[in-house]
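Note sheet for the following structure.
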Amino acid sequence: MSDSDPAPSLYAAHEPIFPRRVSGPFRNLKWYIMAVTLGIYYLTPWIRWDRGPALPDQAVLLDLANRRFYFFWIEIWPHEFYFVAGLLIMAGLGLFLFTSALGRVWCGYTCPQTVWTDLFILVERWIEGDRNARLRLHRQKKLDFRKARLRVTKWVVWLLIGLATGGAWVFYFADAPTLLRDLLTGQAHPVAYTTMAILTGTTFLFGGFAREQICIYACPWPRIQAAMMDEDTLTVGYREWRGEPRGKPRKTDEPGLVHGDCIDCMACVNVCPMGIDIRDGQQMECITCALCIDACDDVMERIGKPRGLIDYMALSDEANERAGHPPQNIWKHILRPRTILYTALWGSVGLALLFALFIRSDIELTVAPVRNPTFVTLSDGSIRNTYDVRLRNKTGEPRPFELSIKGEPAMQLELEGVDGTIVTVPADTSFLQRVYIVAPKTAEAASARSTPVRIWVADLDNGERAYKDTSFNGRGAGQ
Ligand code: SF4
Ligand code: SF4
């Protein structure tokens, strides 16, 4: 290259990919997973769940205004966020487990980007035709009536899917039927419209246009997953020792040339949503969707060769297979120390969450001693300490809670603004009650520096009880 030559461009224009239709067991599995995941996403906000008159009847609801998360019979309060953290840890460990066993199955089958892109490609195929028809339309420079009609129809359907996607998202944050009515009558909160508009736009762009570029350039997961894979991980690969030299026998072939099983029909490349050729070896772009397996198996059947030229396989089997031995049993690849460790961790977190859920009580209290002043000396010489007690009634109805103490018998408990020791806490509420504990002048606690005290709360309706330990300051504590 001479000095006068222009520097080569580092930019390559994006070439859209038009995957061909394919059928086979992996494609069917992807259809099934798409139907289930989209069904769950779109329909869940409409499932009703009766929790009583005081609580929302939506099965899954993120009630940000009241700081509650409802999931069927479970209600998570803000201080129980560890349940959500535990579920996120389980999701992460599950991802590690599946990646180490089966490569990028998350990317290939269940990632929202994959699922919505698959849906958008399906719509595109219905409207514009299969790969060759779409390629012709793409290469047609002139925008005639037919091209405009097909393009507009496709974009309108994509936008409707985007709208349904954004709409379904906001329904998780408010009562779905009420919010739908408000959205249609223009009375919903601007945040709902804004969120829907953003999600409609991103779904339209990511599923319709960005597609594989999100996986290749924007998502960090392809870079991270390599750390979880090893030579025993099952991933999509090409049996190059069986397929090469590729091509159909021709008269022009060198004498004695024996072709491999690959007839170089390009079916595996044409169905690939990432636009790659798996025969070039493992590539970061491959999401292991296995559509190339379906395409190649179909070709192999038609030419009377064994299936599996492209297959789920492990690197550790390659040497065996090259030597003519069969691959190891699939369970030997899946059950190995790394996957067993991930399963054990995943199960431990799950069991811990189940245990925490099982021992969870419908009533709770927290006690905050008021230490300014440390104590008060009353006119008769008795000593009084003040506490702010937060009572939580997690049930769907008001409950009478009785407060009591366990300490020196002479000590008395009094509630500010309440006659007696019973307070009614409204349904699904956290209620702050100021509490006084008084020790008579002659009691030991009145002269001691600090005496341990236990504050009890009992639900008079069902007898459930809870307590918190605190301390009582006497004259020994000074002021
Ligand atoms: S190479 Fe095969 S498995 Fe990988 S993305 Fe393409 S079609 Fe899917
Ligand atoms: S589909 Fe199979 S036979 Fe056709 S090019 Fe791909 S690997 Fe070769």
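Each Cβ is built from the backbone N, Cα and C atoms, and glycine gets one as well.
Among the residue ranges 173-191, 192-210, 420-438, the one that TrEMBL annotates as transmembrane segment is 192-210. Touching of the transmembrane segment (81-98) and the transmembrane segment (340-359) is concluded from the presence of at least three CB pairs under 8 A, sequence neighbours closer than 6 excluded. Counting residues per DSSP class in helix, strand and coil order gives 7 helix, 0 strand, 22 coil for the domain '4Fe-4S ferredoxin-type' (253-281).
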